[in-house]
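Student: One structure follows; several queries about it will come next.
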Amino acid sequence: MANVKINNISARQILDSRGYPTIEVQITLSNNVFAKASIPSGASVGKFEAVELRDHDTNYYHGYGVTKAVNLINSEIGQKIIKLETLDQEKIDNALIEIDGTNNKSRVGANSILAISLAVAKAAASTLNIPLYQYLGGITAKILPTPLINIINGGMHADNNLDFQEFMIIPHGANSFEDAIRMSSEVFHTLKKILKQKQYNTNVGDEGGFAPNIKDNTEVFDIIIDAIEKSGYKVYKDFSLGLDVAASTFYKNEKYKFSDYQFSTHELVEYYKNIVTQYPIISLEDPIAEEDTLGWKMITKELGDKIQIVGDDLFVTNCKLIKNGIDNNMANAVLIKPNQIGTLTETLNAIRLAQKNNYNVILSHRSGETNDTTISHIAVAVNCGQIKTGSLSRSERLAKYNELLYIEKLLNTSAIYQGML
């Protein structure tokens, strides 16, 4: 398989699940193998994420077009990447970083770079005639992740009055990934019936979860627990709950304002301590704003030995920020979104750093998704044991779950379901 090189790179503009433009790249190799990758985009974006390249022409897709990025891939970037050795992922990714030349990928865009990076990895796996998870993880890749399923959407992911962004069910009591999806589907459909009975709407948000206008967060917990129990399952034993608070979205002037209340950092941490005691919540994502360093230290000290405290906006898949969090005892888990950093190599480095320091790792989608299933393969490749990829509706979310079901079948008796976080 030596000397299989990139022969052609072709990019085009497609639409993501929210109807905004994004990039799809096809890589063709010298052996005529080809592969495609497409890139998601977030609604709730961390301040320190690598930069997407957009057209900013308000007369074209309201400024969200990506024709500049597509043209760069089809010209300057492509010319410098063609003829590179396909199986040397790190060399290709470093070349892409060098072509950009900035510390936040703002010249050619993290979206341009990542589309190429992922397509190269897929083409390399196809060349070796092995699945992507095996190409990236080798024979040790066998853990199917526990899904954190966003069953009710709020915040920036839905047009409703819920302040918290995601209310998740976590099927840690399942015996297999297939079992986890079945159990979660049953709860999802039971929840729909309960919402209808309570005369709440059952429209879905960006990530496929229901988006009812429920004013009180605690009522959401009660309704989800009711759905779990009416589906024949038990909280703590079969399911627990997770929250993506996205606290940066309601943090201003060193105060947190939601549900008609205003909280200091200390008061907010006390609020979390209270709901974690009252409800089966085992994971809190972005419970504190990314710039509230003292708040992160406080909540990790108070709850870090009891539940999973996940940094998303805090870390943005960036090794430097993850190391800072580790050194300062902030959070105990890292959310990984490849488009926050821009290359597969940097993504894998961030995962390794977190795992080496005993931080949990969760692979994650974005609110504006495509049918690309790369994150499913990365999750299994690194044995991270957790994945966030939306609810059990909307095909761009289900594509990832269905790919994991396929991977579980490929692994056969070698497959291990993570279960408890």
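Quick reminder: no glycine exception, Cβ is built from N, Cα and C everywhere.
Predicted, not measured: the structure shown is a model, and the values here were computed from it.
When I checked Swiss-Prot for this same protein, it listed these features:
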- Q165, K337, R366, S367, K388: (2R)-2-phosphoglycerate binding site (BINDING)
- E207: active site, proton donor (ACT_SITE)
- D244, E285, D312: Mg(2+) binding site (BINDING)
- K337: active site, proton acceptor (ACT_SITE)
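Where in this structure would I find these features, and how exposed are they?
Tutor: In the three-state DSSP scheme, S367 ((2R)-2-phosphoglycerate binding site) falls into the coil class.
Around E207 (active site, proton donor), a 10 Å sphere centred on its CB holds 30 further CB atoms from the protein chains shown.
Classification of E285 (Mg(2+) binding site) by DSSP places it within a strand. Around the Cβ of E285 (Mg(2+) binding site), the number of neighbouring Cβ atoms within 10 Å comes to 28.
Residues within less than 8 Å, Cβ to Cβ, of K337 ((2R)-2-phosphoglycerate binding site) and separated from it by at least 6 positions along the same chain comprise G42, D312, V316, T317, S364, H365, R366.
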Student: List, in sequence order, those binding-site residues among D244, E285, S367 whose Cα sits within 10 Å of the Cα of E207 (active site, proton donor).
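Tutor: Neighbours among binding-site residues, in sequence order: S367.
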Student: Taking the mean position of the Cβ atoms of D244, E285, D312 as the Mg(2+) site, which residues outside that list, in the same chain, have a Cβ no more than 8 Å away, listed in sequence order?
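Tutor: The answer, listed by sequence position, is Q165, E166, L243, V245, A246, L284, D286, V310, D313, L335, K388.
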Student: Can you name the residues of this chain that are 6 or more positions from D244 (Mg(2+) binding site) yet have a C-beta less than 8 Å from its C-beta?
Tutor: N150, G155, F164, Q165, E166, M168, E285, D286, V310, D312, K388
